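Peer 1: Pasting in a structure now, in structure tokens, and then I'll have a few things to ask.
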Amino acid sequence: MASSRAQRFNPIAFTPWPVTCITTIVYLALLIPILVINLVVPSAPETNPKGVNLTEAWRDLQHLTGGFHPYNSRRNDEVHEWLLSRINSIIRPTVEAGQRSSATDNLPEVFVFDDNRSNLTYSNGGVGKTSIVGVYFESTNIIVYIRGSEDDSENWRERSNGKPKGKGGVLVNAHYDSVSTGYGATDDGIGVVSLLQLLRYFTTPGNNPRKGLVLLFNNGEEDYLNGAHVFSQHPLSNFTHTFLNLEDTEVTRFYGNTKHPFGSVLAADGFKMGLLRSQTDYVVFNGILGLRGLDLAFIAPRSRYHTDQDDTRHTSIDSLWHMLSASIGTTEGLVSYTGMDFDGKSKGQNKVNSGAGSLGVWFDMFGTAFAVFRLHTLFAISVALLVIAPLVIFITSVILSKTDRMYLFSMSKSLEGTGDQVSLRGLRGFSRTPIILVIATTIPICLAYLLEKVNPYIVHSSQFSVWSMMFSAWIFLAWFLACAADFFRPSALHRAYSYTWIFVATWIMLVINTVYANQKGIAAGYFLLFYFAGAFLATWISYLELFALPRKGDFARQTTGRRPSSLSSRLLTSSADELRSNASPSTAEFPGAAGEDTDPTESTSLLRGQRTTFANYRTSGPGGAAEETDEREDINKGGTFEHEQSWSWTLPRWTWVLQLLLLAPIVLILVGQLALFLTASMCQVGSDGVSTFVVYLACAVFTTLLCIPLFPLIHRFTYHIPTFLFLVFIGTLIYNLVAFPFSPANRLKTFFIQEVDLDNGSSTVSLTGIQPYLTEAINSIPSAAGQNITCDKTTPFGMLERCSWSGLSPNVLGQGRERDTEIVPDKWITYNITKTVGKNKARIEISGRNTRACKLKFDRAVANFQVSGSAVDHRMPPTSRQGPGVIPALDEVRLYAPSWIAISKAADGLVEASHSFTIQ
């Protein structure tokens, strides 16, 4: 007996063990590499590539991040001088080679501009809820121009309003200022040292650029993107047509040249829809100047962004190489391109003629390949598939009906001649899919709501615990309900109906996504096209399987000819008339005892046709159990699984593997990477005042999208994996509800500001953050002990609170070891106000000590203003930002705050002194 069963064993049959093992292997084989790609940075090469020196780049990064260097600091000036020195040391061999033999053209010409002449007055609305402000800024940018072999040889840069001839150049940008609370390793130290290595690379023999390359070391990005704004006043801003920033397909395709591409259009659409509140220089280069480009940036961990952990200890040479290699690959593609895509007429007025461009779709595949195509292509393919796929399913259904093999939606078959009805039970399993999917999807959403109410910030440090909880809950519940439905109402059509429902649902989602892509230019739902394509093919296979079934008429005649009418069999069904004539009195009184011999529907009792004794053993009707058992075993030998419809024995037993491979891999690769990308970039946004429910809801939605390919097969799973996942769910649920959400590795970010009122000499320190953790942090600060801490929610940070107390006096006036904490107006600021007689105008002269940043606030809005000697650009109208020991209050907060607290800046400066004035 055992050997007979072994011979019949099929390793890919649609039976519990093959389904459980193969499905598990497929999911693990795809999910594990996706996790590795998202969590592990590609290793740097052991030997330096030609034109690159990684050891030198790492030393440069360590020097650059040796201290905080915001724009308004002396350390910033030191960094500026150091950069000039490094640039000159790199290009010195190039200059010397040019002096030896200017005719050889072995090395390109390099020009360095220390731009301390450009200035600009403009307005900036800031980010989020910040008010509109007028800004005056003086440039300290460093600009390096590497002449391309095809560039205009004339010295147009020295002429007033000079413009180059020929094709536009390429701009690569990074800012060398940091925030006042961070060392700036990833924001943007790695970018700066990458520019230095790009300079070395393109001045190495054999790497000469065909197009001109402009390397912009801009200063002042952290406050209103000032460095990028003032670059618009330099002649080289008219020369460049492209830069590094994700926007359109023509530029993005060059990013595919890199060895380890990583990214998705989802991030760009997040900025476009306002979901991400921060901004980069992209809004200036593209939105104002009209350049087209690509952005390379770090997205995680956000808890270290703009804090003192943004240093070389918390990054690596591998991360440096990842950005540097991507920069080299993309830039090399741009400077070598000879087409005219970036030299046509621009869409906007007063912008660089960089061509119109087109919206694009892009995503990486396992960090090794990069797909790029136009949004219009996505729209066209989506529309075609939305029409063709339903048409193919419809035509296949018609052919099945014509050949009398359409068992789907068929409740019974009439016998020719007699008119008797033979039950087919083809409608069984139709409605279970949407019901179970709705319930299984509701559970993660309920869990999201539960976490938001009980422990809303657990995702800050434990995103994979949240993922595990939702995945395990979804799979276990779907398995339990599907197995229960299959036990009471087994159906060979469960898989076909499941894929049909998935087909319908993804068709609707693709329609919505196609409309958004066409009307709003949103491409983040690109994965739905591939999701729907996989669902369509899997569904079509289920319909094609039906051609292997006997004709319904043949099955009906065979059924009535094999056995007398009785109630003994659950598998072979007699007509209703025969049932009534052969039924015993006891069964005639109870219609439910007739089992499945009447026409069933999805609303019929789940216990029909399968009566149990008090010991829960199944019994049969008149005719005896022996007859039923012999008949069932005979049918099962032919291929019918347990108590499924007897006509299903001819269905192929291997096609489920093909369906799994058509749907699951593409979903896991595209949706899985999006899910991890989304949570990595958003899991810590709670500290910025964003509701974490959005993150949990996204996890719930992506959990459903990732698990749906399992559902048509999940009723065949053995109990082992679902039971294990149930235990995982219990453990992760308890952890997520009770665990402390922050840790030294995943700190809660708070925002510091100290305000000095020169009128009354008061000094107020404020921290903005999440309650109740903010109060706990403040209670650990000595100077706040015993004080009346005032808190309010009137902040530009959304859901955060701002708490204030009287803090230690700052020492921002002193230089070196000199201390000067006296709050006297004349020591901090001098000013003179002259009002124009007879006009609503005034002249204000102001000078602050030991600072080059100044802010004027008015009680009423100012119609217009002008800074003496400032340039004005009609593209940016003027109406419509120190080290330890200087600010003792900040040092105190850093010293005594819990280890799970991080400090970041709350405003343009860390200390803001105010003095009231009156214009008379």
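Just so you know, the numbers here start at 1 and follow the chain as drawn.
Glycine residues also receive a Cβ, built from the backbone N, Cα and C atoms like all the rest.
These numbers come from a predicted model, not from an experiment.
Not my notes, these are from Swiss-Prot:
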type: ACT_SITE; residues: GLU221; note: active site, proton acceptor
type: BINDING; residues: ASP187, GLU222, HIS306; note: Zn(2+) 2 binding site
type: COMPBIAS; residues: 559-575; note: compositional bias 'Low complexity'
type: CARBOHYD; residues: ASN53; note: N-linked glycosylation site
type: CARBOHYD; residues: ASN116; note: N-linked glycosylation site
type: CARBOHYD; residues: ASN119; note: N-linked glycosylation site
type: CARBOHYD; residues: ASN238; note: N-linked glycosylation site
type: CARBOHYD; residues: ASN760; note: N-linked glycosylation site
type: CARBOHYD; residues: ASN788; note: N-linked glycosylation site
type: CARBOHYD; residues: ASN832; note: N-linked glycosylation site
type: REGION; residues: 556-605; note: region 'Disordered'
type: SITE; residues: TYR305; note: site 'Transition state stabilizer'
type: TOPO_DOM; residues: 1-20; note: topological domain 'Cytoplasmic'
type: TOPO_DOM; residues: 42-378; note: topological domain 'Vacuolar'
type: TOPO_DOM; residues: 400-433; note: topological domain 'Cytoplasmic'
type: TOPO_DOM; residues: 455-463; note: topological domain 'Vacuolar'
type: TOPO_DOM; residues: 485-495; note: topological domain 'Cytoplasmic'
type: TOPO_DOM; residues: 517-520; note: topological domain 'Vacuolar'
type: TOPO_DOM; residues: 542-659; note: topological domain 'Cytoplasmic'
type: TOPO_DOM; residues: 681-693; note: topological domain 'Vacuolar'
type: TOPO_DOM; residues: 715-720; note: topological domain 'Cytoplasmic'
type: TOPO_DOM; residues: 742-920; note: topological domain 'Vacuolar'
type: TRANSMEM; residues: 21-41; note: transmembrane segment
type: TRANSMEM; residues: 379-399; note: transmembrane segment
type: TRANSMEM; residues: 434-454; note: transmembrane segment
type: TRANSMEM; residues: 464-484; note: transmembrane segment
type: TRANSMEM; residues: 496-516; note: transmembrane segment
type: TRANSMEM; residues: 521-541; note: transmembrane segment
type: TRANSMEM; residues: 660-680; note: transmembrane segment
type: TRANSMEM; residues: 694-714; note: transmembrane segment
type: TRANSMEM; residues: 721-741; note: transmembrane segment
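Help me picture these features in the structure, burial and contacts included.
Peer 2: Spatially close to GLU221 (active site, proton acceptor) yet at least six residues away along the chain are HIS175, ASP177, ASP188, GLY227, ALA228, THR280, ASP281, judged by Cβ distances under 8 angstroms.
Reduced to three states, the DSSP call for ASN53 (N-linked glycosylation site) is coil.
Sequence-distant neighbours of ASN116 (N-linked glycosylation site) (same chain, 6+ apart, CB under 8 A from its CB) are GLU138, SER139, THR140. A coil conformation is recorded for ASN116 (N-linked glycosylation site) in the three-state DSSP classification, outside any helix or strand.
Taking a C-beta cut-off of under 8 angstroms and a sequence separation of 6 or more, ASN119 (N-linked glycosylation site) has the following same-chain neighbours: TYR136, PHE137, GLU138, SER139, VAL230, GLN233, GLY869, SER870, ALA871.
All chains included, 19 other C-beta atoms sit within 10 angstroms of the C-beta of ASN238 (N-linked glycosylation site). Reduced to three states, the DSSP call for ASN238 (N-linked glycosylation site) is helix.
Taking Cβ-Cβ distances under 8 Å and a sequence separation of 6 or more, ASN760 (N-linked glycosylation site) has no neighbours in its chain.
In sequence order, TRP805 are the residues of the chain that are 6 or more apart from ASN788 (N-linked glycosylation site) and have a CB within less than 8 Å of its CB.
Applying an 8 A CB threshold to same-chain residues 6+ apart, the list for ASN832 (N-linked glycosylation site) reads ILE844, GLU845, ILE846. The secondary structure of ASN832 (N-linked glycosylation site), as reduced to three states from DSSP, is extended strand.
There are 21 other Cβ atoms within 10 Å of the Cβ belonging to TYR305 (site 'Transition state stabilizer').
Note on the topological domain 'Cytoplasmic' (1-20): mean pLDDT across this stretch is 73.
Beyond its flanks by at least six residues, the topological domain 'Vacuolar' (455-463) meets 303, 679-680, 683-684, 686-687, 692-693, 695-696, 699, 735-739, 741-743, 745-746, 748, 770 of its own chain at Cβ-Cβ distances under 8 Å.
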Peer 1: Using a Cβ distance cut-off of under 8 Å, indicate which of 21-41, 379-399, 496-516, 694-714 has the most pairs with the transmembrane segment (464-484).
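Peer 2: The stretch with the most contacts is 694-714.
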Peer 1: May I ask for the distance between ASP187 (Zn(2+) 2 binding site) and ASN53 (N-linked glycosylation site), taken between their Cα atoms and rounded to an integer number of Å?
Peer 2: 21
Peer 1: CA-CA, which of the recorded positions ASN53, GLU222, ASN238 lies nearest TYR305 (site 'Transition state stabilizer')?
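Peer 2: Looking at Cα distances from TYR305 (site 'Transition state stabilizer'), the smallest one goes to GLU222.
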Peer 1: Of the listed stretches 379-399, 434-454, 521-541, 660-680, 694-714, which one has the most C-beta pairs under 8 A with the transmembrane segment (721-741)?
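Peer 2: Ranking 379-399, 434-454, 521-541, 660-680, 694-714 by Cβ pairs under 8 Å to the transmembrane segment (721-741) puts 434-454 first.
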Peer 1: Excluding ASP187, GLU222, HIS306, which residues of the same chain place their Cβ within 8 Å of the centroid of the Cβ atoms of the recorded Zn(2+) 2 site?
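Peer 2: What remains near the Cβ centre is SER178, VAL179, GLY182, GLY184, ASP188, TYR305, ASP310.
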Peer 1: Using the alpha carbons only, what distance in Å do you get between ASN238 (N-linked glycosylation site) and HIS306 (Zn(2+) 2 binding site) once rounded?
Peer 2: 32
Peer 1: Counting each residue once, how many in the topological domain 'Cytoplasmic' (715-720) are helix, strand and coil under DSSP?
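Peer 2: Residue counts in helix, strand and coil order: 1 helix, 0 strand, 5 coil.
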Peer 1: Using a 10 Å cut-off, grab the number of neighbouring Cβ atoms around the Cβ of ASN53 (N-linked glycosylation site), all chains included.
Peer 2: 16
Peer 1: Using the alpha carbons only, what distance in Å do you get between GLU222 (Zn(2+) 2 binding site) and ASN53 (N-linked glycosylation site) once rounded?
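Peer 2: That comes out at 28 Å between the alpha carbons.
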